[in-house]
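Colleague: What follows is a structure written as structure tokens; I'll ask about it next.
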Amino acid sequence: MIDRYKHQQLRIGSVSPQQISAWAKKILPNGEMVGEVTKPYTFHYKTNKPEKDGLFCERIFGPIKSGICACGNYRVIGDKKEDPKFCEQCGVEFVDSRVRRYQMGYIKLACPVTHVWYLKRLPSYIANLLDKPLKELEGLVYCDFLFARPVAKKPTFLRLRGSFEYEIQSWKYSIPLFFTTQGFDTFRNREISTGAGAIREQLADLDLRLITDSSLVEWKELGEEGATGNEWEDRKIGRRKDFLVRRMELAKHFIRTNVEPERMVLCLLPVLPPELRPIIQIDGGKPMSSDINELYRRVIYRNNTLTDLLTTSRSTPGELVMCQEKLVQEAVDTLLDNGIRGQPMRDSHNKVYKSFSDVIEGKEGRFRETLLGKRVDYSGRSVIVVGPSLSLHRCGLPREIAIELFQTFVIRGLIRQHAASNIGVAKSKIREKEPIVWEILQEVMQGHPVLLNRAPTLHRLGIQAFQPILVEGRAIFLHPLVCKGFNADFDGDQMAVHVPLSLEAQAEARLLMFSHMNLLSPAIGDPISVPTQDMLMGLYVLTTGNHRGICANRYNPSNHRNYQNEKIDDNNYKYTKEPYFCSSYDALGAYRQKRIYLDSPLWLRWRLDQRVIASREVPIEVQYESLGTYHEIYGHYLIVRNVKKEILCIDIRTTVGHISFYREIEEAIQGFCRACSYGT
């Protein structure tokens, strides 16, 4: 449907019988109205043509072959001549056969039938609105209980029942036997009701606004009572309050959407278009039918039997009529949701029939597989792995995926550069993977972003744009900082890659969807690009070390993996001498030469602004020299001062991991400052 803002949308909800009739009914040019499916047959076993008024009727759903009626006559579709647009003999219109994909039919039910989704699914909408136990409503729907109609100021049999309370159970059996079928129908229509018709009557009598007001009043009264001190009573009150809230919300929803509650009881059953429940022939000519066809046949058989009982038979007991109504209800339940009431219906091979719910729900259902997750051109899919060397706005695309996604662009590039004379030659060069193919592919990818999507896409950061680069292997490389937006990790997650084709899509990807432009959460504004997963583990390994400072060597000398591993003997006390470096470059060079480890403690000359040292820490030890200079030794650094207490130099105790981390942060801040200065 299209709303007032011209947005295409799909709305799922209850439908009125008038709307179902409007979908299915159509008036032929001769004035005949068709649309009702009355026969449970599909194809004739001799002619192999659809049966008239059956589940594949061409009069109802349209011709199987475009422009050809059931008689075999042909008319040109769209011909503006004044010839009749339908066959006068068989009543089939000369239209396109694609109409069988959307033209619906309907089954006129002989008795009302509740929609099992609204009755059995939890929470039960019907039970919530009527404020009655679900078991009681089920007994009413399946004709196990009877519902007394309020007949005022009239003598009734049910009023006499009050005088004989001990015979209440016998009335259920004695009343039907007392009357003939015609008399019982009169009595039942006047005084009692059962089946889905009783539910429909109660739903039609509801005042939704009164339900909302009364539920709110009761909820406030329960809230004012407070705790009773009895745990069981408090839980009961809490459940009642939760139920009242659900009931108010449900009633408000019906009011807001302008939907009548009695629509949850069906009088007309829609029949799906035949192309959505096909019958095909497999090898050997054996027909293979959709399970829904068999379930529709079951409904039609039972509905026709009930119609015959109500219209033709005069001596059928009322109990048999109610039993047949129950069978119709169960058949419709199986069609809508097989197995929701217990044991599912099976075929002769003990295979469970796939109902309408099975067709549309789940990962392989119509919505997730065909509508939401359908395969499209210029798209691929692969496992994601971490790419720590990538920029935030880049992703690594495998060569095998990239050459398929950008194949048309590469073909155009080969022809423009006169490396190929036609499309066939260009494709052969791509199959042979000639070097010029990769050169052109690199040029194409430099100016073309791609979209990465990880299902489920629950918010807008579930799909972001990246600048692709070629990588080896078959996995997509992803920067770990963008994992939180995708809710992804590197334990086997898969992501889909799409190529925006139009200029508008590419502009939107560059201006709005690039990963480095989506650093904040659109919901709460917090940073979304934060270290997670492998980055946290890497930062921990990078900055780990002995946090006891200089005291570690004095009281617990256990680290023997240091520079030169030089040990000094002083009164039988052994400790490891820690190396000293004048610059961070020397320390990193020693690490690359494997002379020290990543977490090896070392001393580094601090050459930055010494005025930033503003610590109130008391030195562990102060060592004086003969020239007046002295050393203040702290837990993680050492300050050398002259006689005037001026700082001459500072040595800090750190590790190679801390040095690397500090340099990365420093370079990032400097780059950010340069970018800001360019922007201003």
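Quick reminder: no glycine exception, Cβ is built from N, Cα and C everywhere.
If you look up Swiss-Prot, you'll see CYS69, CYS71, CYS87, CYS90 marked as Zn(2+) binding site, on the strength of sequence analysis. As annotated by Swiss-Prot, Mg(2+) binding site applies to ASP489, ASP491, ASP493.
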Colleague: Specify the nearest of the binding-site residues CYS69, CYS71, CYS90 to ASP489 (Mg(2+) binding site), where nearness means the distance between Cα atoms.
Modeller: CYS69
Colleague: Please compare the binding-site residues CYS69, CYS71, CYS87, CYS90 by how many other CB atoms fall within 10 Å of each one's CB, and tell me which has the fewest.
Modeller: CYS71
Colleague: Would you kindly give the Cα-Cα distance separating ASP491 (Mg(2+) binding site) and CYS71 (Zn(2+) binding site), rounded to the nearest Å?
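Modeller: Rounded to the nearest whole number, the Cα-Cα distance is 61 Å.
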Colleague: In whole Å, how far is ASP493 (Mg(2+) binding site) from CYS69 (Zn(2+) binding site) when you measure between their Cα atoms?
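Modeller: Distance (Cα to Cα, whole Å): 52 Å.
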Colleague: For the binding-site residues ASP489, ASP491, ASP493, work out the Cβ neighbour count at 10 Å and name the residue with the minimum.
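Modeller: Counting other Cβ atoms within 10 Å of each of the binding-site residues ASP489, ASP491, ASP493 gives the minimum at ASP491.
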